[in-house]
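The domain 'CHCH' feature in Swiss-Prot is assigned to 30-74; the stated evidence is sequence analysis. If you look up Swiss-Prot, you'll see 33-43 marked as motif 'Cx9C motif 1'. Annotated disulfide bond per Swiss-Prot: Cys33-Cys66, Cys43-Cys56, in sequence order, evidence recorded as sequence analysis. According to Swiss-Prot, the feature motif 'Cx9C motif 2' maps to 56-66. Marked as region 'Disordered' by Swiss-Prot: 84-106.
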Amino acid sequence: MPFLDIQKRFGLNIDRWLTIQSGEQPYKMAGRCHAFEKEWIECAHGIGYTRAEKECKIEYDDFVECLLRQKTMRRAGTIRKQRDKLIKEGKYTPPPHHIGKGEPRP
């Protein structure tokens, strides 16, 4: 037990906010992946861990992708590599404002 329990003193429950986005949030703002987490929890509730691993895999994978965005970042990297390849071959010229030669803004 910490010497000064600041969370309890101020009536905060940061641990719950970080672990379950579906729980009550500060300022009543839903988390980014709230919908995916809610679907996963509703699917897995009451069926047990072993069955939930198999039956709720799609919901869990969607939730993890929303949190970590691994597929999105991989796709952005692939697009960037393709763009660089096209620039190198001379088939694509980026607009001037993308390469820092645009008009200066006030």
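Easy rule for this one: first residue shown is 1, then count along the chain.
Just so you know, glycine gets a Cβ as well, placed from its N, Cα and C.
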Counting only residues 6 or more past its boundaries, what in the same chain has a CB within less than 8 Å of a CB in the motif 'Cx9C motif 2' (56-66)?
32-33, 36-37, 39-40, 43-44, 47, 72
Counting by DSSP secondary structure, give me helix, strand and coil numbers for the motif 'Cx9C motif 1' (33-43).
10 helix, 0 strand, 1 coil
Within 10 Å of the Cβ of Cys43 (disulfide bond), how many other Cβ atoms can you find? Include all protein chains, please.
16
Cys43 (disulfide bond) and Cys33 (disulfide bond), compared by Cα position, are separated in whole Å by 16
Local Cβ density at Cys56 (disulfide bond) - other Cβ atoms counted within 10 Å:
19
Need one number: mean pLDDT over the domain 'CHCH' (30-74).
91
Give the residue counts of the domain 'CHCH' (30-74) per reduced DSSP state, in the order helix, strand, coil.
35 helix, 0 strand, 10 coil
By DSSP assignment, list the helix, strand and coil residue numbers for the region 'Disordered' (84-106), in that order.
9 helix, 0 strand, 14 coil
For Cys66 (disulfide bond), what residues in its own chain, 6 or more apart in sequence, show a Cβ-Cβ distance under 8 Å?
Arg32, Cys33, Phe36
